[in-house]
Every structure is written in C-alpha cells, then in structure tokens.
Amino acid sequence: MTIDGKNPVLSLRNIHKSFGSIEVLHGINLEVAAGEVVALLGENGAGKSTLSNIISGTILPSSGEMTWLGAPYAPATPRDAIDAGVAMIHQELMLLPHLSIAENIFVGRYPMKAGRLDRGEMDRRAQAGLKRLGLEISPRRPVEGLSTASQQLIEIAKALTLNAKLLILDEPTAALGSEETKLLFEQIERLKSEGVGIIYISHRLEEIKQIADRIVVMRDGEKVQEFDTADVPIRTIVEAMVGRSMEQMFPPLARPEDSQVLKVSGLTSPTGRFRDVSFSVRKGEIFGIAGLVGAGRTELVRSIAGADPIQTGTVELNGKDITPKSPGQAIRNGIILVPEDRKLQGVILDHSIQENIAYSNFESVSKSGWMSNRRVKKFASENIRKFGVKGIGSQMANEMSGGNQQKIVIAKWLARNPDVVLLDEPTRGIDVGARSSIYELIHGLAAQGVAVVVVSSDLEEVLGVSNRIMVMAAGRQVGILDHSEANDVSVMELATA
Amino acid sequence: EGVGIKKIGLAVPNLQADFFNQIKLGVEGYAGKLGIEVIVVDAKNDTATQVSQVQDLLTQGIDAFIYIPAGAAAAAVPTRLARAEGIPVINVDREPEGAPGDTVIYGENVLSAYQVCDHIIGLAEGKGKMVVIHGQKGTTPEVQRFEGCKMAIDENPGVELVAQQWSQQWSPDEGFQIAQNMLQANPDISIIFGQADGLAMGAAKAVEVAGLADQIVVGGYDGDGAALESLVACDTPFIVTATQSTQAMGVLAVNSAIAVANDASVPARQIPNAVLTTCDDAAKFVEKHP
Amino acid sequence: MQSTEDTNSAMIKASSGLRGAFSFGGATGPLIGLILLCAFLSIATDSFLSFRNFLNILDQITVLGIMAVGMTFVILIAGIDLSVGSVLALSMMVLGFLNVEAELPMAISIGGALVASALVGVVAGLLITEFKVPPFIATLAMMSIARGLANMITNGSQIIGFPAWFNMGAIIRHGGVLTTTVAVMLVVFVVALLFQRYREGGRMLYAIGGNPEVARLAGINVKRATVLTYTACAALSGLAGVLLAARLDAVQPSSGVAYELDAIAAVVIGGTSLAGGTGGVGGTIIGVLIIGVLRNGLNLLSVSPFLQAVIIGLVIVLAVAAETFKHRNK
Amino acid sequence: MQSTEDTNSAMIKASSGLRGAFSFGGATGPLIGLILLCAFLSIATDSFLSFRNFLNILDQITVLGIMAVGMTFVILIAGIDLSVGSVLALSMMVLGFLNVEAELPMAISIGGALVASALVGVVAGLLITEFKVPPFIATLAMMSIARGLANMITNGSQIIGFPAWFNMGAIIRHGGVLTTTVAVMLVVFVVALLFQRYREGGRMLYAIGGNPEVARLAGINVKRATVLTYTACAALSGLAGVLLAARLDAVQPSSGVAYELDAIAAVVIGGTSLAGGTGGVGGTIIGVLIIGVLRNGLNLLSVSPFLQAVIIGLVIVLAVAAETFKHRNK
Ligand SMILES: Nc1ncnc2c1ncn2[C@@H]1O[C@H](COP(=O)(O)OP(=O)(O)OP(=O)(O)O)[C@@H](O)[C@H]1O
Ligand SMILES: Nc1ncnc2c1ncn2[C@@H]1O[C@H](COP(=O)(O)OP(=O)(O)OP(=O)(O)O)[C@@H](O)[C@H]1O
Ligand SMILES: O[C@@H]1[C@@H](O)[C@H](O)OC[C@H]1O
Ligand SMILES: [Mg+2]
Ligand SMILES: [Mg+2]
C-alpha cells in the first residue's frame with residue numbers, strides 16, 4: 001500500500017488496547033511513510049499517547065498487528081523498539097536529574113571504548129546534538145535545576161541522536177517558547193529530508209499547519225478522520241476532534257469593579273528569580289501574566305500564595321498587609337493557588353476525588369476538628385456537580401483525564417469563596433474541549449468578584465482571557481498592557497526586549 | 001608495690017549482664033587498690049567487635065589481659081593476638097576452646113548446677129515436667145551447668161525434660177520470652193531451670209503472668225544482686241540460685257595476672273566455688289557478696 | 001464531549017478511598033489470612049482454640065500493638081521510625097530510675113518516662129523537618145542515642161523493686177478477662193481508629209503521605225504535623241515501655257532490641273504502604289494479630305525457634321506479595 | 001535566548017555530575033569530617049597516630065567495608081538491603097559446615113558459601129521485581145529466613161576447626177603491611193570503583209536509581225539489573241562472612257546481627273542518598289573509614305561503651321545534616 005506514492009515504513013492493523021476491563025483503543029489502523037510528518041490529534045484521553053506507547057514498545061497492545069519496514073513488528077520492551085529504529089519522546093519529561101546532560105542523552109547506549117565508557121566521545125556528541133537545538137550549555141552539567149524548556153530540549157536531543165527511522169514526538173512543544181519551537185521544527189525538516197518518518201502529537205493546532213504533511217484525528221480510542229494535507233482550517237480539525245461544532249472559545253470579557261483587591265509592591269525573591277514586581281488587581285478582574293519560559297512567573301505567583309519565601313516587598317489584600325509566610329496563611333486570607341504542575345502539586349493521584357477536595361476544605365467538612373464521611377461525600381459531590389467535573393467522588397484522581405484533574409484542582413478551592421485566585425498554566429496539556437470549560441470557570445470567578453491572576457505561556461490564551469496583561473522577562477516586569485492595546489506583537493516585543 | 005603491671009585490659013562480652021558487671025567491679029576495685037589502671041571494653045555480645053576491641057587494647061599498651069570471650073566461638077583469636085605481644089592472658093568464666101590463657105578462672109559449674117536442679121526437683125517431689133533455659137550455646141558455663149543439671153534429672157526417673165531452648169545473652173527479656181513460649185506448648189510444666197539468674201527471673205515472671213505461680217518452681221544461677229533481693233522477698237516462683245564468688249574471681253584474676261607477669265607459676269584452672277542459696281540464706285549475700 | 005470519561009466513571013466500583021473506622025477496608029486480604037491461620041491452628045493443635053489462649057495472645061501483643069499504632073502514623077506520612085525499640089528501653093529505664101531509685105510516685109514516674117520518650121520523637125521530627133535528614137537516618141541515629149542513654153542511667157544494670165500492684169496490672173484479669181495492660185492497648189486502638197477516621201489531624205496524615213507538596217499547598221502545616229507524628233510515635237513506644245515494665249516487673253536497658261522491625265512488619269502486613277498515604281490502624285491491628293497468632297501457634301506446634309524465623313519471614317513475604325496479586329488482578 | 005541558562009552555565013563550577021573513579025567528588029564533606037576526626041584523635045590520644053593503629057583500623061573495617069560496597073549499589077538503585085547481616089551469618093555457617101563438618105577443601109567451601117549467599121540475593125531480587133514486594137520488606141523477610149537457616153545448620157552451635165592457615169590470612173601482615181583479608185577488601189574497593197565509573201552496568205545503576213521508568217524506556221533491562229544488584233550485594237555479604245570467619249577462626253550463627261544498620265549508615269554518611277541515583281563507592285569508603293576511625297578512637301579514648309552509642313548516633317546525624325546545609329547554601 002502506498003501513501004501519496006510513498007511506501008509506509010510503519011503500518012498498524014486493528015490495534016486494540018485495554019487497561020483492566022476498559023478498552024481505550026478500539027481497532028486503530030495507521031500508516032506512516034518515510035520522510036513524512038503525521039500529526040496525531042485528539043482531545044485529552046483520545047488515546048494518542050497510548051497508541052504511541054504501543055509503537056515504541058513501552059506497553060503491549062491487547063491485540064492487533066504491526067509491520068515495520070515490511071516485516072512483522074511486535075516490540076516487547078522499549079529496547080526492542082530502539083534497536084529496530086523507533087524512538088519516542090514521551091509526554092512526561094523522562095530525565096535523570098542527578099546525572100549530567102550527556103549521560104541523560106546516552107543513557108542505555110553509552111559510547112564504549114575498550115570495555116570502558118568513553119566520556120570524551122559522549123560529551124562531544126551530546127554537545128553537537130544540543131547545539132543543533134540552540135542549547136549551548138556544558139554537557140557535563142547535571143540536569144537538575146534546568147528550566148522545563150531546556151529539559152524538553154535535552155529530551156529532544158536524546159531522541160535525535162538515536163538515529164531512528166521513526167520518531168514519535170508526544171507534545172514536544174508543551175513547555176517550549178516560540179524560539180525553541182522554531183529550532184525544533186528546523187530539525188524536524190532536516191530529519192524529514194533524511195527520510196525519517198515522524199508522528200507528531202500536539203494540542204497547539206497552529207503548529208500543525210507549519211509542520212505536518214498529514215493529519216490523523218482520534219476520538220475516544222478510534223481514528224475518526226484523516227486529512228491528506230495540513231492545509232485544513234483549524235475549526236474543521238477542532239470539530240473533528242470534539243465531534244461537534246465549536247462555539248466561541250473565549251467568553252466575552254466583563255468589566256471589573258473599581259475596588260482594588262490584591263496589591264503587590266516591590267516583591268523580590270531571595271533566589272533572585274524575580275525582582276521588584278508591583279501590580280494590583282481589581283475585584284472581578286482577570287489579570288494575565290505573560291512572558292517567555294523561565295521569566296520567573298511561577299515563582300512570583302507561588303510567593304504571593306505563600307508557597308515560596310519572599311525576600312522583600314508586600315502583598316496587600318483589600319488594603320491590609322498580609323504578606324504570607326506559608327500557604328496556610330495565604331489560604332486563610334483568601335488567596336489560593338492552582339499550581340503549574342497538576343500531577344506533582346495539584347492533586348494526590350492515588351487518593352479519591354472527595355479526599356482531594358476534603359484536604360483543602362477541612363473547615364467545611366468538619367466540626368471542631370471532627371469529620372464525618374457523610375459530610376465529605378456530600379460536600380464533594382456538590383462541588384463536582386457545580387464545576388462540571390466528569391466523575392464521582394469515590395473515583396481515584398489518576399483515573400481521570402488531565403482536563404478533569406485540572407478541574408478538580410480548581411474546584412477544590414472555589415468552595416472557600418476566595419478573594420484572589422492565582423492560576424499557573426491552567427490549561428497546559430489540556431485539549432480544546434476541556435479548555436473552553438476552564439475558561440468559563442475563570443470568567444465565572446471574575447463575575448463573582450474574585451480577583452483572578454492567570455499565568456500562561458499560551459499567548460492566545462492570555463490575550464483571550466485577560467482584562468490586563470503584565471509581561472515579565474528575566475525576572476522583571478517589563479510592562480502592563482490593557483486588553484485593548486495587547487496583541488501578540490506588542491506582548492512578544494516586551495517579552496523579548 | 002612493685003607488682004610489675006601498670007595497665008590491665010579487661011574484655012567483657014556484655015556489661016548488661018549483672019554477672020559481668022560484678023566481675024568488672026571486682027577487677028576495678030582490687031586493681032585500684034594496687035594502683036593498676038583498668039581499661040574495660042564491652043563487646044555487646046558480638047565476637048567480631050571483641051576482636052577489634054582487643055586490638056585496640058593492645059594498641060594502648062596493656063601489660064595484662066583479662067579476657068571473657070564474647071562468643072562461644074572465636075575465643076581463640078584474642079588470646080593469640082595477646083600472646084603475640086607476650087602479654088599474660090587470664091580467662092574468666094569461659095574457656096576458649098583450643099587456645100586457653102595462662103589460667104582459666106570459673107565457678108564450680110557442674111556441682112552447683114547439680115545442686116540447684118536437685119533442689120528444685122526435690123521441691124517438686126521428684127516428678128513432673130521440667131524445662132531448661134540455656135545460656136549462650138557452647139559457652140563453658142552453658143555446657144557445664146547443663147551437665148550438672150542433667151545429673152540431677154537422670155537421678156529422678158519421674159522427671160521428664162520436655163523442652164530446652166538457648167538464649168543469646170542470658171537476659172531476663174529472653175528468659176521471659178522463652179518461658180512464655182514453653183508454657184504455651186506445655187502448660188503443665190512444674191520445674192524450670194534457668195542457667196543464669198536473669199533467665200530464671202524472666203521465666204518466673206512469665207510463670208506469674210500465665211497465672212501458674214503455685215504450680216511451678218524456678219531455679220537460677222549466679223547470685224545476681226537483683227536475684228538475691230528477690231530471694232530475700234521470696235514471693236515469686238524463683239526460689240533458689242547458686243551464688244558465684246564474683247568479687248573473689250575479680251581479685252583472683254588480677255593476682256593471677258601479676259603472678260604470670262612475674263613468671264610465678266599459676267594453676268591451669270582455678271575454680272572458686274558457688275554456694276547454693278535459697279530464700280533462707282540469701283540475706284547474708286545481699287549483705288556481703290562473695 | 002469526553003464520553004470516555006463517562007464510560008469510565010460508570011464502570012467504577014465502589015472502591016472508595018476513605019477507610020471506615022471499624023471496617024478493615026483495604027486490609028481484607030490480611031483479614032482473610034488471619035482467619036485462615038486461626039482455622040488451621042484450631043485444627044492442628046488442641047490448645048489454640050480456647051478463651052484462655054486467646055487472652056494469652058492479647059497479653060503477648062500488647063507491646064507490639066501499641067508500638068505498631070505509632071508506627072502506622074509514621075508510615076502513613078511516608079516516614080519510618082527505627083528508634084522505637086530504643087525509645088521503649090529509655091522509657092523503661094527512666095521509669096525505673098524515677099520510681100525505684102528516686103522513689104517518686106508511680107504517676108509522676110510514668111509521666112517522666114513518657115515525656116523522655118516524646119522528646120526523642122521531637123528531636124527526630126525536627127531533624128527530619130528542619131535539617132532535612134531522611135527519616136531512616138534520623139531515627140537510626142536516635143536509635144543509637146536513645147539506647148546509649150538508656151544504658152547510661154544505671155550503667156547497664158537492670159532495676160527491680162516496683163510496687164507490687166504495678167506488676168499485678170499485667171497479671172490480674174479483671175472480671176476474668178482483661179488485664180490493665182491489655183485494656184490500655186484496646187483504648188489506644190480505639191482512640192487511634194477514631195483519630196484516624198474522624199479527626200482532621202488524622203486525615204491530614206493521609207494527605208501528607210499522599211503528596212507532601214500538595215498537602216502544603218492545601219494549607220496544611222506539614223512540618224508541624226510531621227514533628228507531632230514522630231512525637232506521638234515515640235510517646236506510644238514509651239507507653240509500650242511502661243506496659244512492658246509492668247509485665248516484666250523489672251526494667252533493663254537491653255529491652256526492645258529489633259522491635260522496630262516487628263512493628264514495621266505488622267504495619268506492612270496490615271496493608272499500609274511504605275510509600276505513605278494508604279492504609280491505616282485497622283489493618284495494622286490485623287497485622288499485629290497475625291504476628292501474635294503466628295508466634296503463639298508455632299509455639300503450640302513446638303516448632304523450633306530457628307524454623308520459626310524462617311516461617312515468619314515467609315509469611316511476611318506472602319502477605320505483601322498476595323496484596324500485589326490482588327491489585328494486579330483488579 | 002535563555003539568558004538565565006547562560007548565566008547559570010557560566011557559573012558552573014567544576015562540579016561535574018560525573019564522579020571521578022578515584023576522586024571522592026560529592027563526598028568532600030565527609031572527607032573533611034574524616035580528616036578533622038583523625039586530627040582530633042592524633043592530638044587527644046598517644047596511640048592513634050601510628051602505622052600499626054592504622055593497620056588495625058584497616059583490619060577492623062574489612063567486614064563493614066565489603067558489605068558497604070554491596071549496600072552502596074543497592075542504595076544507588078533506590079533499594080535497601082536489611083538482610084546483609086543474616087546473609088553473612090549464613091555464609092559463615094555454610095563455610096564451616098562444608099569445610100569442617102563435610103571436610104571439603106577450602107576453595108570449594110568458600111564457593112559454596114558464596115553461592116548460598118548469592119541465592120538469598122536472587123530470591124530477594126525476584127521478590128522485588130516479580131512480586132513487587134518493597135525492598136524493605138523483601139529483605140526484612142530474607143533477614144529472618146537467612147538467620148533461621150544459618151541457625152538450622154548446626155542447631156545454633158558454633159563450628160571451629162578451620163585449617164590453621166585460614167586464620168593466619170587475617171593475622172599475618174605480608175611485608176608487615178597487608179593481611180590477606182585487608183588485601184581482599186582493597187581489591188573489592190578498586191573493582192567496585194572501576195565498575196561504577198566505567199562499566200555500562202555501573203552507569204545503569206545511576207539511571208535506575210534516578211528513575212526506573214526512564215531507565216526502562218532507555219532500553220535498560222531494569223528487572224535484570226535489579227536482581228543482579230541484590231545478588232551482588234548478597235554475594236559480597238557472603239564474602240565478608242568468609243573474611244570474618246578467617247578473622248575469628250570460627251563461625252557461629254549469631255554473627256552479624258544489626259550489621260545492616262552499620263552498612264547503611266556508612267553508605268549514607270558517605271553521601272549516597274537513600275532516594276537513589278546519587279553518590280557512590282568513593283564516598284562509602286570514606287563513610288566506612290569514619291565509622292572505623294570513630295570506633296577505634298572512642299576505644300583508645302576509653303569512652304564508656306554506652307556513651308559511644310550516643311556519640312555514634314550524633315555523628316551520623318551531623319554527617320547527614322551537614323550535607324543538607326552545604327546544599328542549602330549552594
Ligand atoms: N495506565 C492506564 N491505566 C488505565 N487507564 C489508562 C492508562 N493510561 C491511559 N489510560 C486511559 O486511556 C485513555 C487514553 O489515554 P492517553 O494518555 O492515550 O490519551 P491522550 O490522547 O494521549 O491524551 P492527552 O492529550 O491528555 O495526553 C484515557 O481514557 C486514559 O484515562
Ligand atoms: N528548582 C529550581 N532550581 C533551579 N532553577 C530553577 C528552579 N525552578 C525554577 N528555576 C529557574 O528559575 C527561573 C524562573 O523560573 P519560573 O519557573 O519561575 O519561570 P516561569 O516564567 O514560570 O517559567 P516556566 O514556564 O518554565 O515555569 C528559570 O530560569 C528556571 O530555570
Ligand atoms: O552466669 C553467667 C556467666 O557465667 C555467663 O558466662 O554469662 C552470663 C552470666 O549471667
Ligand atoms: Mg497523551
Ligand atoms: Mg511557570
């Protein structure tokens with residue numbers, strides 16, 4: 001069989017996959033040719049990562065066949081796949097923080113000389129690989145402490161040095177800025193020209209047009225549509241993904257009230273990750289914070305929420321100095337944080353949803369320190385309903401899709417009627433469908449008079465939801481733009497200034 | 001006095017056993033009078049630790065070595081190390097197999113263990129089920145005390161030895177634990193011999209906890225301070241022991257060290273007696289320990 | 001939108017994450033094991049199945065039971081406490097010193113013993129929270145220190161001479177049933193179950209064990225809770241020491257060596273994960289009973305102590321591996 | 001682009017993540033501690049600073065040193081091995097049985113002892129990888145089982161009667177310097193350092209300890225490596241047992257109780273994190289020396305054994321807390 005006259009290097013026949021009694025892939029057929037980029041799109045939980053993991057030997061399919069370069073292919077371990085020439089960059093960062101960058105790139109396939117590790121060669125090759133991605137740092141440096149973006153680039157370098165014939169990239173740009181993304185795309189072009197087949201997964205639909213040759217859309221574990229070109233209107237793709245037509249993504253902005261709720265003055269971090277930041281947010285206002293990755297936004301909002309120490313400066317709430325020393329203090333004052341890393345900071349994955357909700361709401365579910373299971377259940381199910389979470393209270397958090405997990409992280413706080421809500425990358429890795437309901441949540445908060453701060457690396461998102469936008473660069477605030485004067489150009493100019 | 005010795009090294013297995021503490025006090029007290037310094041090391045029951053400690057004693061230039069082997073095995077190496085330095089080696093309580101010191105000092109284990117067992121068997125009217133809680137397996141006192149007790153058992157065909165177990169450290173904890181286990185399997189026991197007072201008193205407590213105090217008699221060995229006091233009170237199943245001459249053994253050890261250092265002849269074995277002690281005569285040993 | 005979600009949630013069994021206070025949710029595997037063990041011993045021996053033997057077992061598990069409750073809390077927050085055996089010894093020696101040597105009243109002496117024990121826990125907790133010493137190491141160090149201190153009180157000797165009524169508390173079975181020591185253990189069990197299930201503080205332990213960063217961001221004072229948990233564990237070990245002193249009618253600084261391993265084994269057999277965040281006191285009680293019944297049964301069967309060690313090792317492995325299989329088949 | 005990065009990388013000291021085979025990178029803190037300790041003891045005692053005492057210390061650390069190497073590998077992969085002391089005892093008893101009772105030649109007896117030890121490691125490794133038993137529990141069980149087996153060989157008795165040359169290997173200092181047992185330890189150190197630094201197998205341990213899933217995805221056979229690591233650790237404990245038998249000229253099944261705690265302490269004092277993935281044998285050697293020098297020094301200072309326990313506990317805490325402070329100030 002051929003695709004556009006090219007021979008497929010990989011073909012999948014009727015792949016099924018079940019976890020326990022739940023089938024998540026229902027007979028997928030897929031083909032990838034040499035030198036083409038296939039974009040694999042779909043909502044959260046559509047099965048993109050699962051399918052990729054099967055191809056890369058990370059997990060085994062329940063049934064179905066694969067052929068690779070014309071021969072039957074059934075990798076039992078990642079090693080089998082790597083040996084066959086199939087490499088994958090996983091959605092989660094897969095790095096070893098204590099080891100050097102070079103060792104991370106060559107883990108499991110160290111260059112050896114006379115029975116011993118050839119460190120010189122390893123460093124040289126690592127350096128060359130990183131340089132192609134624009135990352136000029138010592139390959140001997142440990143990965144620990146590098147920004148998410150740099151780590152993502154190392155992950156990509158790891159895959160690029162594998163000399164694979166098929167490369168699977170599962171959301172490689174989720175943590176990248178536009179500069180890094182550009183360099184990545186150059187490398188993808190180079191690989192294409194060398195005849196490497198690529199499966200590219202992303203929720204950033206604008207990228208797809210730039211890089212993909214074909215588009216495959218999945219929904220609920222099935223392949224629902226294929227486009228033989230990437231020149232498809234985004235709206236059409238989205239409709240294929242969600243299975244219905246999309247209404248307006250961003251709800252209309254409301255006018256905030258005049259009274260100032262949150263006031264941050266001269267805030268400086270002891271680690272120097274942000275310096276001298278001042279701004280204020282009004283009742284019912286949505287205040288966006290934009291910037292390139294590593295600009296210090298995460299540390300800033302964490303400090304306001306009491307999660308990280310503050311060196312100098314004050315946080316005022318309704319005119320009162322409440323500069324917090326612990327998250328507990330901030331929460332009691334009505335400032336809550338929806339953290340950047342949902343899995344590590346937002347929810348306890350192997351606890352139930354109602355437990356997760358209870359942990360943030362002891363006051364509501366207990367009387368003078370005594371809890372009752374009935375109250376926990378009732379309280380949780382009320383909030384689950386109120387915030388449109390798909391699931392029931394007794395379900396474990398790790399059984400939920402990313403989007404619903406994120407809703408829990410937000411919902412678990414809102415019952416407290418906070419004055420200030422800080423959201424850090426509220427839609428990272430979340431599909432379009434779930435995203436719009438999170439935007440609705442955010443607007444709902446503002447409408448209730450909450451002062452909302454949204455940190456986002458997604459430019460379209462900050463522009464779409466914010467009344468005002470503060471831009472940060474290298475730990476400093478470089479300007480605050482009103483909704484009317486903000487557009488992608490004006491923000492990027494500030495961010496890169 | 002020109003005793004020819006300035007520093008004595010004393011290696012004990014485990015200071016938590018009162019018996020060794022008594023020996024230590026005996027050695028220190030007498031040596032102190034003679035102006036001799038004593039360095040004590042405690043192996044906490046680990047032979048490997050004891051070998052290291054002996055090396056460290058020798059590094060400190062001791063002139064004589066009083067040595068109580070920590071384990072049943074491994075007894076030979078410290079003697080060899082000290083011999084290599086030409087230092088007198090005095091063994092107390094336990095005889096290292098294969099490499100005895102210049103003299104070995106221990107209590108009259110066989111005879112007095114026979115007396116203790118004979119006493120408790122007599123109180124049980126020469127019949128019934130009996131158990132023995134041994135000390136640390138393979139040590140001189142363990143072997144000899146069983147030998148003595150076995151003689152008494154064999155003389156009384158009505159007595160059946162239904163169980164025996166070995167402890168590691170001769171401690172009350174172990175005595176309690178072991179006796180408790182034995183009582184579970186054999187609730188109709190009437191005689192218990194613990195090879196040291198710690199074991200016996202632990203066993204007596206287990207008997208009381210099991211509510212069997214009026215059916216069982218317990219004999220011990222050593223004449224520990226705590227044991228003698230308990231005999232004076234005489235309100236537990238533990239009713240007899242053999243009081244060892246610990247103070248005398250300490251004095252004897254120091255004197256032997258001096259003698260060997262001065263090339264005087266010392267008998268290969270010195271065996272101070274142990275005295276059968278019951279509720280009636282325990283008070284005098286509380287007054288003054290032999 | 002997201003119909004997968006709906007299918008998923010429809011299929012979820014009532015696998016609630018909340019554990020009932022007196023249900024042994026999550027510990028059904030161990031419970032079945034315990035029942036099988038009892039059934040086997042009832043058939044294999046004459047003496048196992050009797051009220052008296054049952055009371056004996058209760059007597060024998062008192063110390064382990066109380067220690068294991070404290071250990072459960074520590075393990076729930078993903079910690080570990082190796083010092084419990086030494087703390088027990090320290091508590092005993094302080095008790096003996098205060099009551100027998102210093103001739104203070106028993107109530108004050110017990111208070112002193114508990115305070116001394118709790119202090120060890122406070123220090124361990126502070127080492128862990130303030131100095132970031134891993135729990136394993138902090139409590140390993142406290143294990144050595146507490147043991148040394150226990151020995152230093154009397155220079156290694158035992159102390160006897162408690163008032164007669166003290167030992168009677170471990171011997172006399174009130175109404176033919178409960179000794180005071182067993183009653184204390186039962187009270188500890190009930191209080192711990194209620195605390196774990198119905199008190200905010202109890203639920204916080206689960207949150208901290210599940211993910212300390214999430215707990216901290218939820219406003220829980222993780223450091224304080226951690227120090228309190230180690231303090232409670234140490235105080236409970238101290239209490240176990242007091243009960244052991246009553247039982248032995250004597251105290252000696254070499255008591256409790258390696259008890260920490262028994263306590264940890266009981267907790268893990270009872271289904272609490274060393275990774276923290278799941279399990280609880282209900283399971284631990286079963287774990288303690290399994291160990292107690294097993295030891296008792298092996299004695300009744302006159303199994304040699306050496307073979308007993310082998311069998312107990314096998315049972316520990318079986319209990320934990322069985323849990324794994326259960327989860328795998330789910 | 002990414003100017004923060006550049007500043008950062010400019011600031012990187014030569015603190016390379018890679019540890020030189022014979023450098024003690026990452027263990028400089030402990031190294032300084034060791035030097036200070038030696039300096040103090042040289043001043044405080046007459047006898048510490050002598051060649052002979054130095055050789056004594058080497059003799060005294062042989063067993064701990066070899067065990068700690070195996071423990072380092074296990075801890076590097078984020079595991080733990082509580083069974084090493086029991087495995088040592090099992091190895092000794094198998095050796096004694098084969099050589100003295102069964103009268104087999106020493107070479108075969110040693111081989112038998114090592115195989116028996118390694119088997120314990122294989123079982124522990126399989127329990128951990130195939131049955132998902134946490135390492136703490138799997139090796140706790142093996143600790144009990146191996147100790148029981150060691151005792152069963154002679155029903156608890158010691159065995160003596162090795163050929164005379166065997167003990168001489170631990171006593172005679174060839175060329176006035178090295179006993180055979182110390183030489184064996186040094187060989188183990190060198191081989192372990194080279195393995196860890198230059199062999200693929202050694203580097204894999206770091207990857208597995210850093211994140212086993214990452215290692216698996218990189219094509220490493222994590223299960224196999226894990227089983228091999230526990231096997232190597234057990235075999236090294238067995239080797240330590242053989243050397244201890246030579247040193248003591250006798251074997252007894254109660255040997256090695258609580259040695260696992262010493263070994264773990266040495267590894268952690270040497271800077272290897274219990275979380276896995278960082279540290280190494282270089283640091284462990286320093287940790288072993290710190291413990292050895294400390295014990296020796298406390299004996300030379302005639303510090304009471306009880307106070308020694310307290311001091312050793314304090315040193316463990318200080319060593320680890322100091323590391324934390326170093327990192328905090330970085
Ligand atoms: N280990 C697992 N156990 C049970 N269910 C799983 C497991 N891994 C994935 N799933 C389920 O399989 C489905 C497909 O998940 P998958 O991760 O492949 O989605 P995806 O398309 O990559 O989504 P996203 O865009 O969020 O990364 C989801 O419903 C998910 O909950
Ligand atoms: N734990 C850490 N150790 C070392 N450096 C860190 C750490 N966390 C963040 N940084 C660095 O601090 C800088 C600011 O990080 P921060 O996370 O606050 O930025 P951000 O604007 O939120 O970007 P991102 O989108 O990557 O989270 C970055 O250069 C980052 O590399
Ligand atoms: O009786 C004792 C002694 O002879 C033995 O060797 O060790 C312990 C003592 O109680
Ligand atoms: Mg995915
Ligand atoms: Mg951020």
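Each residue, glycine too, has its Cβ placed from N, Cα and C.
According to TrEMBL, the transmembrane segment annotation covers C:21-44 (among others).
For the transmembrane segment (C:64-95), same-chain residues at least 6 beyond its ends with a Cβ under 8 Å from one of its own Cβ atoms are 109-110, 112-114, 116-117, 120-121, 124, 128, 135-136, 139-140, 142-147, 149-151, 153-154, 159, 184-185, 188-189, 192, 196, 205-206, 208-209, 212, 225-226, 229-230, 232-245, 251-260, 262-264, 266-268, 270, 272-277, 279-281, 284-285, 287-288, 291-292. Summarising the annotation, TrEMBL assigns transmembrane segment to C:64-95 (among others).
Packing against the transmembrane segment (C:107-129) from elsewhere in the chain are residues 79, 81, 83, 86-88, 90-92, 94-95, 98-99, 135, 138-139, 141-142, 145-146, 222-223, 226-235, 237-239, 241-242: each is 6 or more residues past its ends and has a CB under 8 Å from a CB in it. Annotated transmembrane segment per TrEMBL: C:107-129 (among others), in sequence order.
Below 8 angstroms of C-beta separation, residues 21-22, 55, 58-59, 61-62, 65-66, 69, 72-73, 169, 201-202, 236, 239, 243, 246-247, 281-282, 285 of the same chain, each at least six residues beyond the ends of the transmembrane segment (C:175-195), sit close to that stretch. Taken from TrEMBL, the feature transmembrane segment covers C:175-195 (among others).
Feature annotation from TrEMBL assigns transmembrane segment to C:227-246 (among others). Residues 62-64, 66-67, 69-71, 73-74, 77, 79, 81, 83-85, 87-92, 95-96, 110, 113-114, 116-122, 124-126, 128-129, 139, 162, 166-167, 169-170, 180-181, 184-185, 188, 201, 205, 255-256 of the same chain sit 6 or more residues outside the transmembrane segment (C:227-246) yet have a Cβ under 8 Å from a Cβ within it.
The transmembrane segment annotation in TrEMBL covers C:267-294 (among others).
Positions annotated as transmembrane segment by TrEMBL: C:306-325 (among others). Non-local neighbours of the transmembrane segment (C:306-325) in the same chain are 29-30, 33, 265, 268-269, 271, 287, 290-291, 294-295, 298; each lies 6+ residues outside the stretch with a CB under 8 Å from one of its CB atoms.
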